[in-house]
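For 5-25, the entry in Swiss-Prot reads transmembrane segment. Annotation comment: Swiss-Prot describes 26-761 as topological domain 'Extracellular', evidence class similarity to another entry. Annotation source Swiss-Prot lists substrate binding site at 203, 204, citing similarity to another entry. Summarising the annotation, Swiss-Prot assigns active site, charge relay system to 624, 702, 734 and lists similarity to another entry as the type of evidence.
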């Protein structure tokens, strides 16, 4: 770990420093004025109002050639690609009658659920009121109406059977008008969750609001029970408008704390009252110590695949289970367990990848690290040891979209060697050897270098959504020939709006330092002149498995800072970031807060060498993990930064969630990694903030990175008698996302930076 040296000033040095400070204060403000252009610069108001936001188009597939889409006037429209038929399946007046903001069509197309009264809970979860509309009769279903608010609701894959979660218990309806059947009875607020994840699983493992899955034929329903009874509670005040604040309590396991106890059950929904839920056994090698459930995939109507992780998270076990009619139980034989282990870090990327099963319901494709440490697609038929590697190279496969009888569609960053690009590829798996084709590499090449896709069930048709670097565009394609059929959304209105705007120039390049290569994105002011000197703002996230340097379009706060204020912005992907191989990724394993910071400092020095950066006007800012890195960079004692901002920063990994902290740091125990947990805190660097201007920001109702983190930083700075600025946002969560708070936040940060850089208002 880097040694943090304390600088001692003598009397002469102090006098010289005082003189420098006086000179800086007296220096006149600077105004950035792009010349020779009649276009206007972006304004902060443009950003806060979302004036230049873009649209995407994702079809809601209901068959191989049919999909639904919600129009701009909120009609739900049916489309048939082959017949070119389109019509309104549900009118906006019906939507408005219950103030619906979302919908879901039953697979038999007889009913639609309408979602209203959306109330956000955590990152993915929310509650809502649901109404069922009968399309054939043109009226809402009356009798045995759904309770409110519901935590999650979904249709079965066939017919119009539905399951929902209410007050942490799961209920089943065979038809929308039927009385509900209660499947679970153990649900209790903040203690036992059925069919929905608790806080830590939602945020750090599943990344969903649900934890239940229908079998393909709708016969079985699998669900997870999370028991949080023994988990410590995080409590914080929500001030509201009342005389007394109320207390929010969340079971929240921090590093080293007791974790949720998870059990997976499957219930036969055809006769749920005859045979209750059946528990699926945990693999022995996992059950012998603390473990996590990581995902569930239905393979066929009577075969299911479960994934488990050891608490240390370097060993993952994939277990394939079959329904035994004679036992009326689920059997998970040991010879159907596949183990994935990392010897250099943690298993998988941010999450362990999920399998994409073949038509035979036995073999599957999965992304994991090859012998060279790059994540690639492998074909597993019997054991992981005998896996056949499908892709290879010093790049990474990102995601498998679809596996059909003769094709596999996936995304990667292979093309032209840019880690921050995404293209869609097709592998013809019926051929020997398999042949590979890049579907998107040469489509609108200048405009589109970062794609995702949405496929119909058997990939007969698919939509491509390009996110940049030019204006986003969504297109429909034939899955057999890859030919473009139709442009779904091309953002023409946005294109016209931007014609009179001075946008900055964006460059994505790489810099080398010793044997390391760092990719960076630099946003340069309009009419950029290399012979001049510009202030520099580093925007950092830097967390493990993250990526900031991406070829995507954006008009946001940093775009404004470059366009209007003449600030050069740089984003750098240092060690620990994703999609450049395990050696680069796992460099930060068990030592967070070291290389992420060092690599930002290295990049700043390289940028100064380019000749157009004003060394006296360099700042850094970040949010969440980025707030942690920006804080440590400011306290590095290098003198590179004049000022910086940390929004909702982690300040100690002992304060953060067990699943996340332990994945990258191990356990905070003496016989594991307690020493680095203690050494890597922001508080340990409090003395080194003396010579920088530091703005610390946090929401008081942050359920993710608790306000405790910033409170401890502030306490350490006060104890060290270090001056700093702070801003808190009452009742705001991790995103500080309410309109007025967000406006205040970005206005305040802008004023801080302009003062730091001596820029005129």
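Using N, Cα and C of the backbone, Cβ positions are placed for all residues, glycine too.
Feature map: annotations from Swiss-Prot on the structure.
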residue : record                           : Cβ contacts under 8 Å, 6 or more apart
203     : substrate binding site           : 122, 123, 657, 660, 704
204     : substrate binding site           : 657, 659, 660
624     : active site, charge relay system : 541, 543, 647, 648, 649, 650, 704, 705, 734
702     : active site, charge relay system : 236, 648, 732, 733, 734
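Looking only at the topological domain 'Extracellular' (26-761), the predicted model's pLDDT averages out at 97. Take the CB of residue 734 (active site, charge relay system) and look out to 10 A: across all protein chains shown you find 20 other CB atoms. Look at residue 204 (substrate binding site): DSSP puts it in a helix.
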